[in-house]
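Each remark here refers to the structure printed beneath this line.
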């Protein structure tokens with residue numbers, strides 16, 4: 001079922017890790033831990049397990065960027081299978097809220113990314129129709145989704161030779177929220193010209209569906225290129241999915257409206273008895289407007305707040321989520337579990353406190369509280385085998401796995417963990433300056449991690465006065481600004497970057513051979529064992545990698561990190577010796593900046609200049625068009641990481657202007 005495409009075979013610790021994990025899965029163990037260093041091939045190990053077991057798979061990642069990287073890698077490993085991407089479809093999202101202290105109501109504001117929305121629908125469709133499906137998702141996986149049984153009822157199939165009146169076919173499409181548009185065929189619409197009906201699926205822009213009629217009979221079905229209308233493939237039959245994941249039929253709408261009105265009566269009675277007339281009026285107006293829209297159009301603004309009734313759930317019953325679309329035997333991989341598990345645990349409480357105010361003050365019915373993410377205990381109730389993956393797994397994962405950890409320490413590339421040196425804080429700035437001169441002589445880059453914003457700024461000014469090519473990354477920087485600074489570091493525009501929390505999971509800077517950690521002995525979230533190990537691991541892409549701890553004494557976290565580092569180095573050195581491997585720095589392409597624009601026309605220019613002439617605004621429009629073109633090209637080439645990066649730039653341009 002799954003066919004793994006790769007030019008290499010498992011090596012290093014990979015064969016043993018694959019075997020250990022496979023044996024535990026076969027023994028029906030539900031919790032497994034894979035502890036792997038950076039560069040040990042954890043994604044390739046996941047791919048081998050997927051291919052071995054031929055089970056539908058969910059891979060969870062704690063942010064969109066890393067999820068997109070995993071998606072791209074798995075898509076390369078499994079080009080003949082369905083690899084899907086399920087994350088939040090909002091480019092911008094501000095949830096509905098009410099602040100009683102200032103009597104401020106904040107309406108929901110969002111900007112939907114249609115491409116991500118289509119990919120979410122594609123994920124649901126694939127899970128319900130194909131077993132050879134891999135879905136890469138973020139925390140969005142535990143948020144509400146439509147009841148899979150009800151959603152599947154909205155699928156309908158057509159076949160060549162089927163007797164079907166065109167008007168009945170149109171009605172079937174409209175019931176599933178397709179809109180007729182004979183002028184511009186956009187996703188989720190259809191056009192009818194003579195005996196030919198063309199449908200633009202809501203779940204993909206790769207093709208359109210052409211259905212040709214002869215009288216009241218379907219004569220031909222084909223998928224075509226949506227732009228030039230050339231034939232892609234002929235079909236004997238075709239399964240058509242809804243245009244909206246919250247498709248509702250008349251029976252459901254009638255039931256929902258009845259149940260909502262019953263709850264409304266009870267709630268209005270409650271407000272009246274408690275002399276809350278403003279809340280009473282507010283709620284009645286809101287709910288009646290929603291129900292009028294639902295009865296007329298089958299959908300309304302904020303329909304998710306009535307999810308309990310749409311799904312047919314009882315009060316307090318857990319919501320349907322992406323997890324309910326998985327078959328019972330599915331595999332679940334939790335990447336960077338030390339970050340992902342706490343994220344899963346935190347979602348419910350934050351959502352609940354916000355919505356409780358909306359209910360208490362008459363903006364929503366109490367049933368809106370059931371439009372929520374899963375609680376962590378509900379997530380735990382799913383019996384899929386869960387494989388936790390991290391360089392630094394937490395106590396939760398280890399305890400769940402009965403203390404058994406499958407380790408991957410050896411890198412097939414032969415690269416070692418960087419050497420760690422501990423130095424006194426005395427004269428540390430002068431010492432760092434000397435190190436920077438050595439780095440420049442080798443044409444290698446440096447990162448410095450501080451603990452305060454003030455010290456970062458002072459250190460940056462000091463090195464600038466010394467003539468160093470240095471940049472400072474801080475929390476005020478937008479996504480594109482951080483990425484651009486790091487790109488310029490790799491390119492050599494900067495030799496040094498200073499910051500507080502630079503080395504987050506997933507950062508990849510092969511040109512950096514020196515990482516300096518100031519105040520390494522200050523036990524804190526950024527200086528505990530897990531954080532230090534993560535930092536050291538991120539500096540392991542260069543064959544001459546080195547980490548310097550500046551400290552007055554060796555803290556417990558420092559000692560544990562140094563011991564961990566020494567053990568990993570010895571294992572890798574022995575492996576390299578046995579296999580004749582000479583470690584070499586990873587060669588990785590440096591992404592180009594936005595093409596065709598000098599600084600005057602760059603993104604920084606448009607964001608930093610508040611007063612803009614008409615000429616400058618025209619240049620801004622030209623830049624936006626160029627960005628959109630590059631984003632589309634990156635998406636078509638399945639370079640989703642770059643596409644998402646370009647999308648973020650567009651959003652930030654829009655916010656500033």
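For all residues, glycine too, the Cβ spot is worked out from N, Cα and C.
The ATP binding site annotation in Swiss-Prot covers 36, 37, 38, 39, 40, 41, 42, 43, and the record cites sequence analysis as its basis. Long-range neighbours of residue 43 (ATP binding site) (same chain, six or more residues apart, CB within less than 8 Å of its CB): 70, 73, 74, 77.
Per Swiss-Prot, the feature domain 'Helicase ATP-binding' maps to 23-412; the stated evidence is sequence analysis.
Swiss-Prot lists 428-581 with the feature domain 'Helicase C-terminal', giving sequence analysis as the kind of evidence. The average pLDDT computed for the domain 'Helicase C-terminal' (428-581) is 88.
Positions annotated as domain 'UVR' by Swiss-Prot: 621-656.
Residues annotated as motif 'Beta-hairpin' in Swiss-Prot: 89-112. Residues 120, 302, 354, 357-358, 361, 363-364, 647, 651, 655 of the same chain lie 6 or more positions beyond the ends of the motif 'Beta-hairpin' (89-112) yet place their CB under 8 Å from a CB of it.
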Determine the Cβ neighbour count for residue 38 (ATP binding site): the number of other Cβ atoms within 10 Å of its Cβ.
21
36, 37, 38, 39, 40, 41, 42, 43 excluded, remaining Cβ within 8 Å of their centroid (ATP):
45, 391, 408, 411
Where does residue 39 (ATP binding site) sit in the DSSP three-state scheme?
coil
Under 8 Å by Cβ from residue 40 (ATP binding site), same chain, sequence gap 6 or more:
12, 13, 14, 408, 409, 410, 411, 412
Fewest neighbouring Cβ atoms within 10 Å among the binding-site residues 39, 41 goes to 39
Let's see if you can do this one: DSSP helix, strand and coil counts over the motif 'Beta-hairpin' (89-112), in that order.
0 helix, 15 strand, 9 coil
